[in-house]
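Structure, as structure tokens:
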There are 2 protein chains.
Amino acid sequence: MLSEFDLISRYFTRAPRSNLAQIALGVGDDCALLIPGAGKQLAISTDMLVEGRHFFPDADPFTLGHKCLAVNLSDLAAMGARPLAFTLALALPAVHEEWLAAFSGGLLALADEHQCELIGGDTTKGPLNICITVFGETAPGQALRRDAAQAGDDIWVSGTLGDARLALAVYRQELGAELSADLKLGSDSFKLAATRMHQPTPRVALGQALRGIAHAAIDISDGLAGDLGHILARSSVGATLAVDSLPAGAVLGRQNLAIRRHFTLAGGDDYELCFTAAADQRGAVLAAAQSAATAVTRIGSIDAQHGLRLRDAGNSTLDLQLASFDHFLST
Amino acid sequence: MLSEFDLISRYFTRAPRSNLAQIALGVGDDCALLIPGAGKQLAISTDMLVEGRHFFPDADPFTLGHKCLAVNLSDLAAMGARPLAFTLALALPAVHEEWLAAFSGGLLALADEHQCELIGGDTTKGPLNICITVFGETAPGQALRRDAAQAGDDIWVSGTLGDARLALAVYRQELGAELSADLKLGSDSFKLAATRMHQPTPRVALGQALRGIAHAAIDISDGLAGDLGHILARSSVGATLAVDSLPAGAVLGRQNLAIRRHFTLAGGDDYELCFTAAADQRGAVLAAAQSAATAVTRIGSIDAQHGLRLRDAGNSTLDLQLASFDHFLST
């Protein structure tokens, strides 16, 4: 059996890839040493993923490795920060080399894509738990904060929403006859939706492109309505959303109106960006989106009046009961 | 029942205490924002503590909160870094307010003692798991790295060793008649040793005082022999230790020679610093120790010849079979 240190050394230690001047010392000492660029701020976020809660016990280890880093990169994206590095803490019930090889493969492939270096970590025996802390760089005053939305701002969302939540509904057999006939476990439609759940795409390029253009931003991990709610609370504003113009995922778009509304508004695991920008910045937002090769959709506006108002396609008020995903309330 | 967000808000969010210029944005956004002082490096370390592995299921939550941060601060100390801030990721099987109040109390009391600000985190439902990532500041070239030991250096250790391991042996009933008669579960001697196990003191002031004086340093979490071994490996040197001059803890000092040798050399959970310094720096080391109000003991020397040699009080070679604590090998 591999010892803890052999294990770390074999799967997670490698020559630095990115040659970032900001990394003075990586894996292997009591601490890693980072040097942010002159005058730069360091953006820091941490996310913990637990078996049975954030992923299935039989989750594919390659996509799991991808997802664990992706959800952290998504937080950097929501701040407009450029990824630099991350630490990984890993509790494993036992050492399975095949699993570790695949997990580190998925993790490090995404890390390489974003030139984000693994600089430290910890491994221990315990129920499967993966905790990543990620570091990015941004210039002072340029971070996209939750408290910066202003009345009159447009509200935008990147990509599409709800396919991840739809895949979860199929796994859980929550919906039966309401679903389109092609959406069965193992079908092509299902696999398409499940990919959104298992391999989210952090909108890293878009977040950076929006610096100086967007006011507030957040990444959508717990559902649009709930996450937008954090912007509203911290900015002391309200919002009106055009529910039927929310961009549904490719598979969700073929479901009925009630399911579409519910899963675009209160899905979860989307890892798209929701952001606000002044109405006179529409051209700049679209240009930033194009430069980042990421679609964006205008979905509503920020109001001085507190609360979240939902409108349908005919501009009538909708009264939907929504519960954003909350880790302690949802079981 | 409290929701996840209420929980965070109630126990872990508070007005910043330290007014550190380095913290531009704390808890509550997608990322925290740190600004290291001009020309400073950021030292980063992460440690994950798992129930049943690093602490007992019925561990006192106040001392547990202390210990989780202490083991991370100990990594900063071993680098000679000044604590700035930390993130906390917490998986809890359920929300028990009494437990959370005590845990955050122990955690934040130690944080305040070191002016180390809680700047972000994550909470989720799952088997109890506590992952902290800590941030400190040091000047370029001043960090105490593992790879900087030089042949001819003295080897030093702070404080005393082995009482934490002795307490564990009592909990586990590993030793019976070999132990001194006063060392029973619940006795004053036992409580004294157990305090070393449950409430380690990170040698933060000593680490900083040793900058510019010590060459290499490491904190002793897995046992002196094993952790010194990391310095030897990374510095490509060997060492000779005077085993009978290792400073035993107050309770361990009253045990027989075999137990004293074993638990000072290969205990675990000591969180003392082991460091090396040139022989002409003995006065400077002692002055640094005095300024940090922390005892230090000279325990051996670094050799060009690889390997670890153990000598007894009569300078004869000892051949002890030692296994440093390793999370995957020890069960």
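Backbone N, Cα and C define each Cβ position, glycine as well.
Annotated in TrEMBL:
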type	residues	note
BINDING	B:D30, B:D75, B:D219	Mg(2+) 3 binding site
BINDING	B:D30, B:S45, B:D75	Mg(2+) 4 binding site
BINDING	B:T46, B:D47, B:D122	Mg(2+) 1 binding site
BINDING	B:D47, B:D75	Mg(2+) 2 binding site
BINDING	B:H54, B:D269, B:F325	substrate binding site
BINDING	B:G121, B:D122, B:R146, B:S221	ATP binding site
BINDING	B:D222	Mg(2+) 5 binding site
DOMAIN	B:28-137	domain 'PurM-like N-terminal'
DOMAIN	B:150-311	domain 'PurM-like C-terminal'
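In sequence order, B:S45, B:D47 are the binding-site residues among B:S45, B:D47, B:S221, B:D269 whose C-beta falls under 8 Å from a C-beta of chain A. Look at B:T46 (Mg(2+) 1 binding site): DSSP puts it in a strand. For the binding-site residues shown (B:D30, B:D75, B:D219, B:D222), fewest C-beta neighbours within 10 angstroms: B:D222. Cα-Cα distances to B:T46 (Mg(2+) 1 binding site) place B:D75 within 10 Å, out of the binding-site residues B:D75, B:D219, B:D222. B:D30 (Mg(2+) 3 binding site) falls outside any helix or strand according to DSSP and counts as coil. For B:D122 (Mg(2+) 1 binding site), the count of additional Cβ atoms within 10 Å of its Cβ stands at 24 [all protein chains shown]. For the pair formed by B:D269 (substrate binding site) and B:D122 (Mg(2+) 1 binding site), distance between Cα atoms is given as 26 Å, rounded to the nearest Å.
Using CA atoms as reference points, the binding-site residues B:D47, B:H54, B:D122 were checked against B:D219 (Mg(2+) 3 binding site), and the closest is B:D47.
With B:R146 (ATP binding site) as the anchor, the candidate binding-site residues are B:D30, B:D75, B:D122, and the one with the nearest CA is B:D75.
Of the recorded residues, B:H54 (substrate binding site) and B:D122 (Mg(2+) 1 binding site) place their C-alpha atoms 20 Å from one another.
Candidate binding-site residues: B:D30, B:D75, B:S221, B:D222. Nearest to B:D47 (Mg(2+) 1 binding site) by Cα distance: B:D75. Ranking the binding-site residues B:D30, B:S45, B:D75, B:D222 by the distance of their Cα atoms from the Cα of B:G121 (ATP binding site) places B:D30 first.
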